[in-house]
Amino acid sequence: MLQVSVIGTGSWGTALANVLSENQHDVLMWGKTQTTVNEINTHHTNAKYLKDTQLHHALKATSNIQQAVLHAKIIIIAVPTKAIRSVMQQINEVANEKKVFIHVSKGIEPTTFKRISEMITEEMDPEKFQGVGVLSGPSHAEELALKHPTTVAVASDDKQIRQIAQDIFMNSYFRIYTNDDLIGVEIGGALKNIIALAAGITDGLGYGDNAKAALMTRGLAEITRLGTKMGADPLTFLGLAGIGDLIVTCTSVHSRNWKCGNMLGKGASLDEALAQMGMVVEGVRTTQAANEMAQAFGVEMPITQSLYKLLFEGLDVNEGVKNLMNREKTNE
């Protein structure tokens, strides 16, 4: 048994904390909402994020971040991209030893183009930081909570951290593969949300399988181009954290990004869609970052750039599709 802390009480953090608790580890979750913390401790449920799921009886939660940080040397970071720096600053203030961080967030910081692992590293003092990894792949929290077979990848520059993640998470329904391409796994997990938004739009417009298949394929090409430019192994995008995550996020009604895009395709404004979602839609923020990166690095990303114009510049969805289909003739 190991002591593990999970920072974040959203759907994915809760599902992973439940797996760790099922695996007989001593798990303490941290959340800023006291009512959610009380619900986890008293009823062993988190109805807002994992409806109708009974959590393991030994799973505990706290709203005191110092208590959570001091509880364990292994810390799972499961908060939205926009909260990473502020949360890590709080962790850094109270940490008393070197910590191992495994994050499950999927995003890129706008303007700086930093990946999550880079943000975590920057916010921690060296004497409090042992290393960082990422857990990513085709995985809906709802299905993992139901113990449906799920397979993901863990990536880190540190072989020991990859092994730690594999050891603490793996069981009969949750399989973990290791990967040494930290850049590729993080980029794949972040950028697929852009394509999932676009896939939701095509479904909302009533287009069929042809359009979605083309969108996913050309979207993967965009992800690979930008990821390779940033130093990723292109083969990573053919694995679980690339095409695997892309498929599940573009085709499932569980996907927040697909749901948001679907509402946009049916005529909702971005503000209306986000308000109705009531949860973080990482693809919106990532579209902004990726559009800036494409321009900065000189990478051709027409789907991403069209989605950016739709989200932030008022481009009509039908006009956006028309523009993509009428682009200059080119080789695949």
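Even glycines carry a Cβ here, placed using N, Cα and C.
Per Swiss-Prot, active site, proton acceptor is recorded for Lys192. Within 10 Å of the Cβ of Lys192 (active site, proton acceptor) there are 34 other Cβ atoms, across all protein chains. Following the DSSP three-state reduction, the secondary structure of Lys192 (active site, proton acceptor) is helix.
In the three-state DSSP classification, Ser11 (NADPH binding site) falls within a helix. According to Swiss-Prot, the NADPH binding site annotation covers Ser11, Trp12, Lys32, Lys106, Ala141, Arg256, Val280, Glu282.
Taking Cβ-Cβ distances under 8 Å and a sequence separation of 6 or more, the neighbours of Ser255 (sn-glycerol 3-phosphate binding site) in its chain are His140, Ala196, Gly200, Val248, Thr249. Sequence annotations record features per position, and here Swiss-Prot assigns sn-glycerol 3-phosphate binding site to Lys106, Gly137, Ser139, Lys192, Asp245, Ser255, Arg256, Asn257 based on sequence analysis.
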Measuring Cα to Cα across Ser11, Trp12, Lys32, Lys106, Ala141, Arg256, Val280, Glu282, which the record gives as the NADPH binders, how far apart are the two most distant ones in Å? 22
According to DSSP, does Arg256 (NADPH binding site) fall in a helix, a strand, or coil? helix
Nearest by CA distance to Ser139 (sn-glycerol 3-phosphate binding site): which of the binding-site residues is it, out of Ser11, Trp12, Lys32? Trp12
The answer, for which of the binding-site residues Lys32, Lys106, Arg256 has its Cβ ringed by the most other Cβ atoms inside 10 Å, is Lys106
Among the binding-site residues Gly137, Asp245, Asn257, which ones place their C-alpha within 10 angstroms of the C-alpha of Glu282 (NADPH binding site)? Asn257
Select the closest residue to Asp245 (sn-glycerol 3-phosphate binding site) from the following binding-site residues, measuring between CA atoms: Ser11, Lys106, Arg256, Val280. Lys106
